[in-house]
């Protein structure tokens, strides 16, 4: 697929780790890597405008195939001129395949070789999603980067189940490639699965790499395994993927996990974490996690994070944010969401600089100590 619309350019490798600085070229522009991608589930990053996302340095956003297929419908979005036009976002968009939502949200699902039958979580109607249908929906959405339809088994499933699952995922990937109608302007990634089993990850990666996708995703992590287990899987999985293609770790957004993923050679990450926790007043700051809704901040007239220069921190106090959230004012959620997204995008900017300076391990140590991971066990 040398004529793929998605190209990865390696700029520099970090001397002491597997980290790499690069950029990904897409039909809607180029973004630097490693990059965190804000999630716009329903064709919007909750409470944020496209202008704000650009302002905070978001070079690409993610949207969910499953949700947009159910509402408003992929054909309607195609009639609107595609997802970019529909949501007024002129930069790159990545869409997932819908697979993860089918396994996590839908009821009474039944997986066969053909695809997955499940109950729509909105109205209970029976639906069917196949590899071909997942590709067709994404072709209608017109995202720059698409995902193959895969099964995402739980991390602790038995070996025999996971083996059958990855073999089916490989067959589904092949079917998806054949069904792809727009390879000239949409790049399709294969998704490596295999839970915690090294030989199954190897088999899955081997199958997918032989199909020559423009990029590869690492799926089936951040689904309940420990941080150490995730790192162990990344240690052996990224090495199985080609150096000249992007590597995307799906569903990961905790700050230490982002840094540890980069150390192991990952280029792209996404997660709903920053906006989800912002809605209950939990904020990521340079000093660690802070729940601004707590009573101790009622008369705290300092910025949310004194070291942050985002719009929220430059203009509003902890006391004001607490007041807005306690009063259920949407503006409060907008401000905490803006800050959390900015925090992760800025973290990745610092990580890119650390790769440039060959001191990523020192940066990790400094960040982890300051954030308070060492004091309080894992948190986000």
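Just so it is clear, glycine is given a Cβ too, placed from its N, Cα and C backbone atoms.
So that you can see what the record holds, here are the features copied from Swiss-Prot:
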ACT_SITE  96  active site, proton acceptor
BINDING   96, 97, 98, 99, 100, 150, 193, 220  substrate binding site
REGION    251-257  region 'RNA binding'
ACT_SITE  270  active site, nucleophile
REGION    275-279  region 'RNA binding'
BINDING   308, 310, 313, 339  Zn(2+) binding site
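The record assigns 96, 97, 98, 99, 100, 150, 193, 220 to the substrate site; their largest pairwise CA distance measures 15 Å. In the three-state DSSP reading, residue 100 (substrate binding site) counts as helix. Excluding 96, 97, 98, 99, 100, 150, 193, 220 themselves, the residues of that chain whose CB lies within 8 A of the CB mean position for the substrate site are, in sequence, 103, 147, 148, 149, 151, 152, 191, 219, 250. The most densely surrounded of the binding-site residues 98, 99, 220, judged by C-beta neighbours within 10 angstroms, is 220.
The region 'RNA binding' (275-279): residue composition by secondary structure is 4 helix, 0 strand, 1 coil, according to DSSP. Residue 313 (Zn(2+) binding site) sits 40 Å from residue 193 (substrate binding site), taking the C-alpha atoms as the reference points. Annotation for the recorded positions 96, 150, 270: lowest Cβ count within 10 Å of the residue's own Cβ, 270.
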